[in-house]
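So that you can see what the record holds, here are the features copied from TrEMBL:
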- 116-380: domain 'RCC1-like' (DOMAIN)
- 115-175: repeat 'RCC1' (REPEAT)
- 179-242: repeat 'RCC1' (REPEAT)
- 243-298: repeat 'RCC1' (REPEAT)
- 299-351: repeat 'RCC1' (REPEAT)
- 352-404: repeat 'RCC1' (REPEAT)
- 405-462: repeat 'RCC1' (REPEAT)
- 463-512: repeat 'RCC1' (REPEAT)
Amino acid sequence: MKSVCGCHIEARFVNITHNHNSNTHRLRNTCKHNWGRSVPLASSSTGGTAHTAGGSEQNCYRVEMSLAYLRLCTQHRLALGARGYATHTSDRRSREQKDEGPVFQYVGKQSKPNHKVFVWGFSYTGALGIPSFVVPDSGRKKPRKYQLTPYRLETEQQISSAACGYGFTLLSSSTKDLTKVWGMGLNRDSQLGFQRTQQDRYKSYDYVLEPSPVPLPLARPQQTRVLQVACGRAHSLVLTDSEGVFSLGNNAYGQCGRKMVEDEVYSASHIIHKMEGFDSPVTQVVCGQDHSLFLTETGKVYACGWGADGQTGLGHHNMCARPVAVGGDLAGVRVQQVTTYGDCSMAVSQDGQLYGWGNSEYLQLSSVTEATQINSPRLLPFEGVGKVTQVACGGTQVAILNERGKVFVWGYGILGKGPNLSESQTPELVPPTLFGRSEFNPAVTVSRIHCGLNHFAAVTDRGELFVWGKNVRGCLGIGKKEDQYFPWRVTVPGHVVDVACGVDHMVALVKSVI
């Protein structure tokens with residue numbers, strides 16, 4: 001139909017059934033796991049079905065969006081903004097640029113990026129940062145709901161850290177430029193910061209379709225660098241080199257490390273909180289669903305947020321609104337890495353020992369307890385795995401990497417040794433041959449491991465990426481939607497440096513081989 005200015009307006013109605021556990025306003029699921037707890041998110045979404053054990057697909061909220069797509073006078077290009085969508089003008093791009101992917105320029109041209117960014121998985125929240133996947137341009141008739149293989153997201157700045165939350169993504173650069181962090185995707189709880197709309201400066205976009213700067217309240221913006229970003233279900237953490245940790249987004253359980261405010265409205269919030277209370281500078285931050293973990297320079301672990309499963313490790317099952325040092329078996333232990341994504345938390349000490357706490361419904365901590373929860377860290381006395389260097393845990397499963405580059409898995413779900421192994425109380429070795437080791441390449445080892453809610457990712461010393469697990473909405477990037485029962489190599493044009501795993505999407509940082 002025609003608008004009063006002569007623009008062509010086409011109404012598109014899109015149903016989005018999103019895979020993120022309980023990410024619904026006051027949604028109460030019936031699953032035995034606390035992923036079904038009531039979460040006061042700033043959302044008007046409706047619908048939802050209960051999570052099923054073992055990492056099956058969770059349709060835990062439904063978002064129905066009416067998209068008004070205008071073709072096209074510049075004055076009305078941002079009509080999507082009225083529906084809570086943020087896009088940046090892109091008419092100036094050539095057709096060749098559009099074919100290669102979106103280009104966004106937020107930094108000086110003198111910067112020469114070394115790391116390319118590739119994205120894949122579920123696109124409809126905007127988490128992949130490709131607007132044309134959600135709102136097709138004139139060359140594509142239908143939206144692209146799933147991106148089943150890696151797709152390049154072009155950036156002017158070198159991206160050094162990426163994190164995937166529940167329907168949103170953060171990217172950061174260690175640059176000294178004013179813009180250091182970009183966000184894209186779901187923003188109903190301001191987990192991407194206040195993204196001011198074009199129509200009303202007091203309103204913020206609920207969905208951001210391409211990378212948008214996340215403003216940080218830095219005292220020395222031209223000196224401070226961002227080292228790392230982390231994403232939970234609806235909150236985010238940003239670690240800097242000299243100004244500490246900043247938190248933003250949903251704080252219903254204290255996961256942002258600030259006082260909980262009853263009935264606080266998180267949508268269109270300007271609050272970015274600088275966290276305090278650490279004994280020394282923080283060197284690593286990680287987000288669970290609704291809790292946060294911090295590792296300091298002295299090797300201490302701090303936690304805050306939701307603790308009903310014991311995932312904060314503070315010796316109780318209550319919420320905690322400020323970072324508190326974790327004790328238990330970690331008391332006096334110097335930790336080198338912490339990890340969490342669901343409601344189970346783990347840490348690796350500098351001497352290669354593994355510690356765990358939180359949810360154990362799926363045998364994650366069954367080596368030390370028959371209980372389904374542990375609220376204080378315990379040493380996990382595994383034999384035959386060697387010195388542990390890294391650990392990754394998701395919703396129901398765990399993986400560790402030892403000093404020889406071997407991967408061990410246990411828990412419940414798709415563990416990586418075929419369809420016959422879906423449950424294990426003790427670590428099972430994933431055959432090194434599944435990661436490319438052979439008589440022609442006998443020295444291949446895994447150098448990094450990661451875990452989403454229901455899938456694993458491993459990066460080898462040759463820069464190859466292998467994935468396995470639940471292929472929720474194409475999150476594995478292997479060109480199909482079927483689950484993957486053993487490690488499968490993802491085709492990426494370059495040397496994979498690192499990856500970030502979400503619930504239904506992934507991001508890879510790739511170094512060009514040319």
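Here the Cβ of each residue, glycine as well, is placed from N, Cα and C on the backbone.
The shown structure was predicted, so the numbers you read here are calculated from the model rather than taken from an experiment.
Applying DSSP to the repeat 'RCC1' (243-298) sorts its residues as follows: 0 helix, 20 strand, 36 coil. In the repeat 'RCC1' (299-351), helix, strand and coil residues by DSSP number 3 helix, 23 strand, 27 coil. Pairs of Cβ atoms less than 8 Å apart link the repeat 'RCC1' (243-298) most often to 115-175, out of 115-175, 405-462, 463-512. Each residue in the repeat 'RCC1' (352-404) gets a DSSP state, and the totals come to 0 helix, 25 strand, 28 coil.
DSSP labels the residues of the repeat 'RCC1' (179-242) in these numbers: 0 helix, 27 strand, 37 coil. If you take every residue in the repeat 'RCC1' (179-242) and average the pLDDT, you get 95.
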